Amino acid sequence: METIEMPLPVPVHRLGNDIQQLNIDFSNVDLDSIQLPPGEDFGIKSEDEEEEEDSLEFETGFGNIVVVDNLPVVPPEKFEKLEGVVRKIFGQIGTIRERGLWMPIHPETQKTQGYCFIEYNTPQEAQTAKDQTNGYKLDKSHVFAVNMFDDFDKYMKVPNEWIPPETKAYTPGENLQQWLTDEKGRDQYVIRSNTDTEVYWNDPRQLKPELVYRRGYWTESFVQWSSLGTYLATVHRQGAAIWGGGTTFNRLMRFAHPQVKLIDFSPGENFLVTYSSHEPSNPRDTQRVTLNIFEVRTGKVLREFKGSADDFATGGTGGVAGVSWPVFRWAGGRDDKYFARIGKNAISVYETDTMTLLDKKSLKVDNVMDFSWSPTDPILALFVPEGGGGNQPAKVSLVQIPGREELRQKNLFSVSDCKMYWQSNGDYLAVKVDRYTKTKKSTYTGFELFRIKERDIPIEVLELENKNDKIIAFAWEPKGHRFAIIHGDGPRPDVSFYSMRSPNNVGRVSKLATIKGKQANSLYWSPIGRFIILAGLKALNGQLEFFNVDELETMATGEHFMATDIEWDPTGRYAATSVTVVHEMENGFNIWSFNGKLLYRIPRDHFYQLLWRPRPPSLLSPEKEEEISKNLRKYSKKYEAEDQDVSLLLSEQDREKRKRLQEDWQGWVNEWKRLHEEEKLFRQDLRDGEPSDEEEEYEAEEVEVEELIDVTEEIASFGFEQLD
């Protein structure tokens, strides 16, 4: 595993102390006369010399220090007060290291010299301090001039005479969308196993994958595709990195965030959120959390958030262990205009243009427990539980952003729990509501169905025929109007399908069918709808049923023993099932067709991940897509011919393989006959000179042999002993 060592930063309070302790008068030192050993390493060999050339290295050691100029010049008796003012201003931005504030003193007057050095924990904090305090007006006479310490070295190297920059020839990089133009219309996926990360083309025609790129120790924890598939992100101790392309996967940008644990891309790939947590020195304290929001294109930190883990827990009540991820949830659409997080009695909505609160204030919602964005519109769905000891009902509200207008509200009574499910087009919202019975000893489940795009947003209530059935899984059909529910209490629950459209088109939900007794606990719709996998994972040992919802019939059944994960490819043509390191045995993955045909198996020891590369939305208009659908037979002739060619090629390859096996067998037989002939005289000697090897020329003769096995002596009794 690759390791990267960074030079340790030198505390600013030592910059002056070390010079004084050395007793060196630098005014008499001719720096130009100092000659260092040749080479960038000055002749000193590094232990990590063999480290890869593109290892993640971020800072030189002084990147976390800022220089603040235009401070007041004060005598010793006001020194402590000035230091307190500076700490208060700059301590709000980030954590100043211990002894990390140094204000030089004039040796003759003993007054401060009007500037100071401030050392933060991270370069991001230092950069934020420079951006936010440069030009800060302390009073009429003192306006701060704040610079990065590293900038002084850069400014000192500026030549006195302007030299025109060297014009470099333009070398175009790889087209990051080139993979979308694959002539065979294939999709890519990335896998991680052992220490390797590999990217493959899925090639079902050849019944095997085609390797695109392989790299060992590419990431230290996991990999993640960006929302539209343009980038592949890797995670390291120093931060995250993104890579792009279809075959080369060159590094495009690095994002410095030490000890990063989680990352999340915005829907439009414009921003990257990184998260890290740090154990407190006092066991009684909570974990400290840091979140950075980067601009993907430039790698610049746009906003940093810090606090305890409780501050970022769902609801912000402090009673939840860990942090709800993602902390920031993005508004629907690709423009990445808003993101939000939940707090105590508030939803904080931020604008990405300024990275500040919308209208400079949070959305106040007492006791808010959960929220979610519409996938396509800036609409928030909020859930507030019951309050006042049950006197205040729970409620679900729809709020339009940025106007904060409440579009719809539904009061709910006797609520135990609530969960919200958006349909992928934002047309519908399903709210699963668990309610207490009158005795409060048990619960039952129903659904509140919101029709978002219709006038006044009408709401329907859906209850199962058996209200006491446990809801095991719920899933909307992508881009469609149907949804599926797994419900029941036994080991073989039922699966029901519903439609938001009724046969008479009266705008009411209708049940399509209930399939009884299925070994399923998970639902996986195809991204294009119509087809669904009813999966029995974990305790059900990987039972799979490929179901056609249009025809309400099973296309195929299968099994991937101990399967832990299922993921459809973005086109809905293929699905991958995998067994990860959750299980010690049977690790690897299978690729299936949409109708349940097993195409190929790939075993892998220590298998961690399989992720299909997302595709961006189609550039074709709905009219063009409809035209293609109507003329599909015309377009499909080309691909049918290609499939036929591939089939003939596979048949030819199969014949060649059988021919090679037959030739190998014949060669082995001929070799055996040759050895048999060479040993003929030896066999003849063993037969006492009999020349023939043919069994037919021998006469069978039976010989009886008597053999004495054992002898036992016994004294026989004839009953004469009593006569004496």
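Cβ from N, Cα, C; glycine included.
Note that this is a predicted model, so its numbers are computed, not measured.
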I'm validating the feature mapping. Which of 620-640, 683-703 is tagged region 'Disordered' in TrEMBL?
683-703
Let's see if you can do this one: DSSP helix, strand and coil counts over the domain 'RRM' (64-151), in that order.
30 helix, 29 strand, 29 coil
Mean pLDDT over the domain 'RRM' (64-151): what is the value?
91
